[in-house]
Amino acid sequence: MVALSGLIWAPLLLGLLSWLAEHRQRGAGNWVSLAGLLLLLLLSLYLAAMGESALSLSWFARFNIHFALLYDGLAQLMVVMTILLAILALAVSWQEIDRRQGFFHFSLMFSVAGINGVFLAADLFLFFLCWEVMLLPMTALILIWGHENRRYAAIKFFIFTQVSGLLMLIAIIALALFHQQIEGTLSFSLAELQHLDLPGESQFWLMLGFFVAFAVKLPTVPLHTWLPDAHTQAPTAGSVLLAGILLKTGAYGLIRILLPLFPEAAMNFAPVAVTLGVISILYGALMAFSQTDFKRLVAYSSISHMGFILLALFSWQAIALQGAILTIVAHGISSAALFCMAGMLQHRLHSRELGNMGGLWTSAPRMATMTLVFVMAGIGLPGLANFNGELLSLLGSFAVYPAHAMVAALGIIGSALYGLQLFQRAFQGPPGKEVQDLQGRELGFCAVMVLALVYFGLQPHLLLEVSAASLDKLVALASFSEVRP
Amino acid sequence: MLDWLYFIPLLPLLSALLLILLHGRLPLMGVVLMGVGSMTLAALLTALVGWQFYQLGGAPVQQDLFNWLPLDQAPVNISLYLDRLSMLMMAVVTGVGWLIHWYAAAYMARDKDVQRFFVYMNLFVFAMLMLVLGDNLVLLYLGWEGVGLCSFLLIGFWQQEPDNVKAAKKAFVVTRVGDTALMIGLLMLFAEFGSLSIQAILQGQIADASDSLWWIGLLLLGGAVGKSAQLPLQTWLPDAMAGPTPVSALIHAATMVTAGVYLIARLHPLFEPQILSLVAWTGALTLVLAGLAALAQTDIKRVLAYSTMSQIGYMFLGLGAMAYDSAIFHLMTHAFFKALLFLTAGSIILKLHHEQDIRRMGGLFRSLPLTSSFLLIGLLALVGVPGSAGFFSKEAILAATWEAQTAGPTLWAVALFGVLLTSLYSFRLFFMVCFGKPGHTHRPDEFPATSVFVLPLWPLVLLSLAGGWIALDFGGVFASGPAQHLAWYLEWLPVGVALLGLLLAWWWYFPGTSEKARQSALSQWLQGGLGFDWLYDKALVKPLGCLVGLNKADMLDSPYRFIAWLNLSINQLLTLTQSGRVRWYLYGTLAGSFLMLGGLLWWR
């Protein structure tokens, strides 16, 4: 299935193409990128319809490194979501980008290629490569098209991800060497490394290397401080990709690599990870409540939501894992939607400060209604997608960590605080400035996101079925966890 | 007909969705037709479904619509469960809800946002119906949160006013504290019973004799006190009066605030005696506290709000005394007369050009005889004058309280004191509003008897007077205890106490006899809700605000900032050495050589 690799190189080519097109004629890049992304979407859906597929080409034979891809249910879900969110990112910045449009399209497509690579990689070397690759265009997006403090944010983002990525690289190399020591050959293949019987002590340290990398990306308190800056300073398209999909690579890494490779070490580490998750939920919510910048508030709320994923994954219960998957998708939609809203507001008001808003409902009722739906989704209103994820995460984790789940449930209050802060300060109160309401394109993609939130809120089956096989494998690995107290 | 059950919640939902989609494109008539029409149909359908339900003997009906959460052993479905309890609740919600919608069509007709208003109202009815019809706790929670959202939106309906916005936020956040308790209760129930279906839980057995039932009961109570504005989460209800008056009638009197009562009644087998005592005490304390606060209010709607709180206290007392049927009975009669009271209050407010202060009313009996009579009828039912609806239900609760193991004579005495307070504040309200010299300059003229402001009130008047004769039979839902027959003087004491209240109110408040400007510190304390707002502000809101304000810049970022600063400083220090002066380089080299040589010699 060579076509599978197309999901990685095609966005690169298409990105170059739209750069050229934009160079030829101003505005053409938008259309080329859109057509390219739609093509990619078709390809990804077609491949997904064919069922699970894999690809393995020898790459650096000397080190036994392969260009190995695996397109199973979970990967399908993530790749399709990546492409859809990239389309959203493109749609929301259709007219927003005011300089170097060609390069913008290239960066956007480049990051899609990197992210797809992360989701597809079945070889740790390839995984690491893509992990680094997706970092570059994202840094460029922040650095070039970001807001007033973009340099600081971009550098911070870069350093955090680099340093943590370095730890992962060390762990990967050590893992390959362990394989050589035990089995006789170097190996970077995920499937082969899973069967490696590592000594407990070293398993822990290797696990920690991966954990730090994924915890920074997720992000988890106290490794989260890059995120508010990066989110706030990134252009809308960047924020959408960051919140919608880039954070999820951390969760995906945990599901795909950390838990299967080091089940015992992860299990021993679980109390710490779960505690970090709960702290993230509450600290993120509290910090969100204290913010007055629209985007910063949403950024901190993301930290809170990602805490639920960490809590769910490390409780390692079937229901909780389902909850984590649902949260990944739901948060991908709802936070991306809120960042779109922030972008559209900033475009109109030239400010992200909630203090400069207020009473916007009067002039922009559609915008207000949509935002209300997104905020309510974010704070876990039943019937919208996020609630399912949080409920299942809590139900699952309560079975093994009841105290943690109870404290995590307090996040319900915290979310009400910051959710209302955001909605009321922007849209209620005495009418201030007048803004243009949502029109045409904007109304279109907002409506699609509302529908998606409602659909997945009532029918999460599609997501659960697609990811079922991958999760079952993971649950089987944790069979020994049944005997845990 | 029973198969059409799901249409009852669906109708208001569809109407709400259509009203959203057609926003700004419908004439007023269209909006009213949709908003009120859907409720009319729902109420009619409820009547038909109810007729057939009782024809078939009132056996529970389950209607599975579709699967929601495919949990392996215990899938959570969107399914409706109709038994005698949910049938009654549904009838109250759609029946009283329909009358209030009808009235609201007239009340809100001149508001430019009337379409938005009916979206929220219809959505609210949908959520409330899901709450009472849901066959599992997740669906109940959906309704629970849904009514909370609609309540929030309707309190802040006139959202240009900062005060309304604040009141809406307060209501949402305070009730969400209760919702969190409910959520944790759900988690524990799932852990214990492996299912979230209400019937499965009620029929299930708890595995070991653990104390988790105790905790579950406590947490469910926590959820109930939030939604039903009982101690200690009662502070949001008086402020919630910022919403339009029909909203107060529907949400903050007849339906949503009684959701806690429904929750406890629905799950009553889970409550241990100790927790039931706690429920009874919560109710008793709240009913006295709210009664006292009602005495000092000057805003007609706030009097009614505290009165609602106090009446729900009676319902909690009934629940705690294991008289679940009496509590639900009181829930129903209360919905009738409190809706009537709020709607008449709305008419008065409208006639006086949005004047809500009872000190500036007065003399209305002469100018608004019909409305004043309606007000009087509502108040008589509230006080529990023999024969009125409130009499029967309150008597039943009082009798059960005396007898019950979990309550007893002490709580009965407290409730009796509550009867005195009820009578006092009711007649105070009546005298101040309807008698004496008008404190305003408007010249209100009575609505014609066929006005939309009056028509919906007639059924409520009738029900407030005769609703007590409706014989409720809860069949298999509540285990029926022995019929309570108290000594005759115990049964008639409440009536005597109410009469005493009337006399005292006459003496203190009847205009002309004594018109004291009561602005003592005591009355201010009572007016402010006995200082709970002050306490929460000092103990919770301020510290949280302080904490949040201090940490706006995120202290966890400081280690990273320190690392960055350290690197920059070292960098600057090192750049100092690159001064470009040969002299310095020479000295540096010399000093380095000496140091190294000296070090070498030293170490050898």
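Note that Cβ sites are derived from N, Cα and C of the backbone, with glycine treated the same way.
On a predicted model such as this, the values are computed, not experimentally measured, just so you know.
Lifted from TrEMBL, the feature list:
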- A:121-408: domain 'NADH:quinone oxidoreductase/Mrp antiporter transmembrane' (DOMAIN)
- A:6-21: transmembrane segment (TRANSMEM)
- A:28-49: transmembrane segment (TRANSMEM)
- A:69-90: transmembrane segment (TRANSMEM)
- A:102-119: transmembrane segment (TRANSMEM)
- A:125-145: transmembrane segment (TRANSMEM)
- A:157-178: transmembrane segment (TRANSMEM)
- A:239-259: transmembrane segment (TRANSMEM)
- A:265-285: transmembrane segment (TRANSMEM)
- A:297-319: transmembrane segment (TRANSMEM)
- A:325-346: transmembrane segment (TRANSMEM)
- A:399-423: transmembrane segment (TRANSMEM)
- A:443-464: transmembrane segment (TRANSMEM)
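If you look at the transmembrane segment (A:28-49), the same-chain residues 6 or more away from its ends with a CB under 8 A from one of its CBs are 1, 3-4, 6-7, 10-11, 14-15, 17-19, 21-22, 71, 76, 79-80, 83-84, 86-87, 90-91, 94, 101-102, 104-105, 108-109, 112. Count of Cβ pairs under 8 Å against the transmembrane segment (A:69-90): among A:157-178, A:297-319, A:443-464, the largest is for A:443-464. Counting residues 6+ beyond its ends, the transmembrane segment (A:443-464) has Cβ neighbours under 8 Å at 77, 88, 91-92, 322, 325-326, 329-330, 333-334, 336-337, 340-341, 366, 370, 373-374, 377, 382-388 in the same chain.
Nonlocal intrachain contacts for the transmembrane segment (A:239-259), taken as residues 6+ away from its ends with a CB within less than 8 angstroms of a stretch CB, comprise 74, 78, 81-82, 85-86, 88-89, 92, 108, 111, 115, 118-119, 124, 127, 131, 134, 138, 141, 190, 207, 210-211, 213-219, 227, 230-231, 266, 295, 298-299, 302, 306, 309-310, 313, 316, 321, 324, 328, 331-333, 335-336, 339-340, 342-343, 470, 474, 477-478.
Among the recorded stretches A:6-21, A:102-119, A:125-145, A:297-319, the one sharing the largest number of Cβ pairs closer than 8 Å with the transmembrane segment (A:325-346) is A:297-319. For the transmembrane segment (A:265-285), same-chain residues at least 6 beyond its ends with a Cβ under 8 Å from one of its own Cβ atoms are 200, 203-204, 206-208, 211, 215, 220-221, 224, 258-259, 300-316, 397, 401, 404, 407-408, 410-411, 414-415, 417-418, 478, 480-481, 484.
Long-range Cβ contacts of the transmembrane segment (A:399-423) within its own chain (Cβ-Cβ under 8 Å, at least 6 residues beyond either end) map to 271, 274-275, 277-278, 281-282, 285-286, 288-289, 291, 294, 297-298, 300-301, 304, 307-308, 311, 315-317, 319, 338, 354, 371-372, 375-376, 378-380, 481, 484. Highest Cβ contact count with the transmembrane segment (A:102-119) among the listed stretches A:6-21, A:125-145, A:297-319 falls to A:125-145 (criterion: pairs under 8 Å). Beyond the ends of the transmembrane segment (A:125-145), by six or more residues, the same chain brings 8, 59-60, 63, 65-69, 97, 99-100, 103-104, 106-108, 110-111, 113-118, 151, 153-154, 157-158, 161-162, 165, 168-169, 172, 188, 190, 213, 230, 233-235, 237-238, 241-242, 246, 249, 257 to within a C-beta distance below 8 angstroms of the stretch.
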